[in-house]
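K.L.:
TrEMBL lists these features:
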- N7, E34, D183, N185, D303, H304: Mg(2+) binding site (BINDING)
- Y142: active site (ACT_SITE)
- D183: active site, proton donor/acceptor (ACT_SITE)
- N185: site 'Transition state stabilizer' (SITE)
- 216-239: region 'Disordered' (REGION)
- D277: site 'Important for catalytic activity' (SITE)
- H304: site 'Interaction with DNA substrate' (SITE)
- H304: active site, proton acceptor (ACT_SITE)
- 346-471: region 'Disordered' (REGION)
- 447-460: compositional bias 'Basic and acidic residues' (COMPBIAS)
- 494-543: domain 'GRF-type' (DOMAIN)
Amino acid sequence: MKIVTWNINGIRTFKGGIKRALDLLDADIICVQETKVTRDLLDERTAIVEGYNSYFSYSRGRSGYSGVATYCRDSATPLAAEEGLTGLLTNHEDAVGCYGDQTEFSSEELQLLDNEGRAMITKHRIMCQDKEEKTLTVINVYCPRADPEKPERKQFKLQFYKLLQCRAEAVLKDGSHVIVLGDVNTSHRQIDHCDPCETNDFDENPGRKWLNDFLHNSSPEDPDDEEPKELSELKNPTNPGRFVDTFRLFHPTRANAFTCWSTLTGARQTNYGTRIDYIFADCKLAEEQFVATDIMPEVEGSDHCPVWGKLSCSLQASSKPPLLCTRYLPEFVGKQQKLSRFLIKMDQKSSQPEQKSVLPASQDDDERRENVNPSGANKVSDKKRSLASDSVLPKGKKTKTVNSSLKPQGNLLSFFKPKEKETKLTSPQSDQKVETSRDSSSTAAAETEHASDASLDTDKRKKTACQPTAAPSKVASSGFWKSILHGPPTAPSCKVHGEPCVLRTVKKEGPNMGKQFFVCARPQGHASNPEARCNFFEWVKKEK
């Protein structure tokens, strides 16, 4: 049996076709995270893949955000599937069950934790070497990221960790083997981080403390010991964790084994990343069935790379997929739906908009205003109604309102003329000059009309005399536009490599937001790496 997890950073990662990508990964169960697809955007080619059955979890409060999916080969069809960790999203009989003690969570917290499409659970039958049939529950998760600019997300992340542990241990207690895999969004140890010295109080991070409690062995690794250890040798009596990091089980001291890199800084070229994608297994399953686990940094297409694990047991396919399978969705079944399916029975009280409705903590203030109380939309609609009522006309009559006071459209350049020239043009003396010039021009035109003995040479002289008068205006206008639409500033060369720098813009809120600066164009890397970016930095000077 082979299982793979991969944060794909959008379902569009599979540009060459999703079936081709799944076949290249060559696994029985493929768990992907950050699909960024919602139910309304899920197309049939993504949902129904020949040879596989799939199960999706979507974000309910935000489009193009989060989301996980599990693809199982038809030979590994699960016997049960369930979306989320709380059980609140379950409305069918083929659920996995075993939710544990959720009393420490409020009902509002449980709804928020399952509202972002971060977990999909499938339950399978496996056949071990002793010919004993057992069950294996696979929990595919995309754990939240703690945004430093949003303190509430830090608490949200820790609550998700607690709920995940509660559910996984409850399923394990019920008698099933458990694998928890996916993007956990926390590097466990210093060996899993490219530069742990940059992080203050590395070991005091709440996410790492949770991993120490969740995993069976949390003791520091011995750098002199490169051989994989038996699980019995890893036991730590002070840590009651029930799960094992299977990668460290086989590679306890491998350094620079990262699974995530920053695409903005090109850090993958210098392998300057973190290991935040894991395959966790319960202790007994890891000791008895796991054969190997490794990463696949050669697979590109995302800012993460896949992680795979192999087990000696074999999967037993269920006779038919669970009801949560995407092939049963009404939009893909091909049957005509009833009109009543699109109608929801509502009470008069529930039809009134509530001011205190709660949305996921991941949403920004603009999204809250848009989803909770769309007052702006009501105002726009009210304006449209008022305009429509004011403009009611008899049938068959069309009127066209024309403002007679409107002046002809002027030259665009006139809006950018200096003030001094404008004052000269509006002065009385200039008005007189303009009138005299108009009179003289009209007189000259009259004389030329009545002059019959004008020669061809004089006509040429007139034409050549008229040409220089147009040239200054063109030169002035081109110089004016060049002064406004100037190109980007000249890039300096970094002092270490002597190469042209790249231009960047500050996007973080603060006093420097919007300002531009130059940095070394090379990819980010460790300070000891001569091929990595140097510390050159220079603000762009404002032109006077």
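Glycine residues also receive a Cβ, built from the backbone N, Cα and C atoms like all the rest.
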K.L.:
On the 0 to 100 pLDDT scale, where does the domain 'GRF-type' (494-543) sit on average?
P.N.:
85
K.L.:
Same chain, not part of N7, E34, D183, N185, D303, H304: whose C-beta falls within 8 angstroms of the C-beta centre of the Mg(2+) site? Give them in sequence order.
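P.N.:
Nearby residues not in the site list: N9, Q33, Y142, C260, I276, D277, S302.
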K.L.:
Could you tell me the C-alpha distance between E34 (Mg(2+) binding site) and the residue listed as 'active site' in angstrom, no decimals?
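P.N.:
Given the Cα positions, E34 (Mg(2+) binding site) is 7 Å from the residue listed as 'active site'.
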K.L.:
Rounded to a whole angstrom, what is the C-alpha distance between D303 (Mg(2+) binding site) and Y142 (active site)?
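P.N.:
Computed Cα spacing between D303 (Mg(2+) binding site) and Y142 (active site) is 14 Å.
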K.L.:
Roughly how many angstrom lie between the C-alpha atoms of the residue listed as 'active site' and D183 (Mg(2+) binding site)?
P.N.:
5
K.L.:
Among all chains shown, work out which of the recorded positions E34, D183, D277, D303 has the most CB atoms within 10 A of its CB.
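P.N.:
Highest number of other Cβ atoms within 10 Å: D183.
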K.L.:
Could you tell me the C-alpha distance between N7 (Mg(2+) binding site) and D277 (site 'Important for catalytic activity') in angstrom, no decimals?
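P.N.:
About 8 Å separate the Cα atoms of these two residues.
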K.L.:
Write down the Cα-Cα distance for D277 (site 'Important for catalytic activity') and H304 (Mg(2+) binding site), rounded and given in Å.
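P.N.:
One finds 8 Å between the Cα atoms of these residues.
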K.L.:
Within a 10 Å radius of its Cβ, which of these binding-site residues (N7, N185) has the fewest neighbouring Cβ atoms?
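P.N.:
So among N7, N185, the binding-site residues given, the one with the fewest Cβ atoms within 10 Å is N185.
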K.L.:
To the nearest whole angstrom, what is the C-alpha distance linking N185 (Mg(2+) binding site) and D277 (site 'Important for catalytic activity')?
P.N.:
7
K.L.:
Give me the DSSP three-state residue breakdown of the domain 'GRF-type' (494-543), ordered helix, strand, coil.
P.N.:
0 helix, 12 strand, 38 coil
K.L.:
Any idea what the Cα distance is from D183 (Mg(2+) binding site) over to D277 (site 'Important for catalytic activity'), rounded to a whole Å?
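P.N.:
That separation, Cα to Cα, works out to 4 Å.
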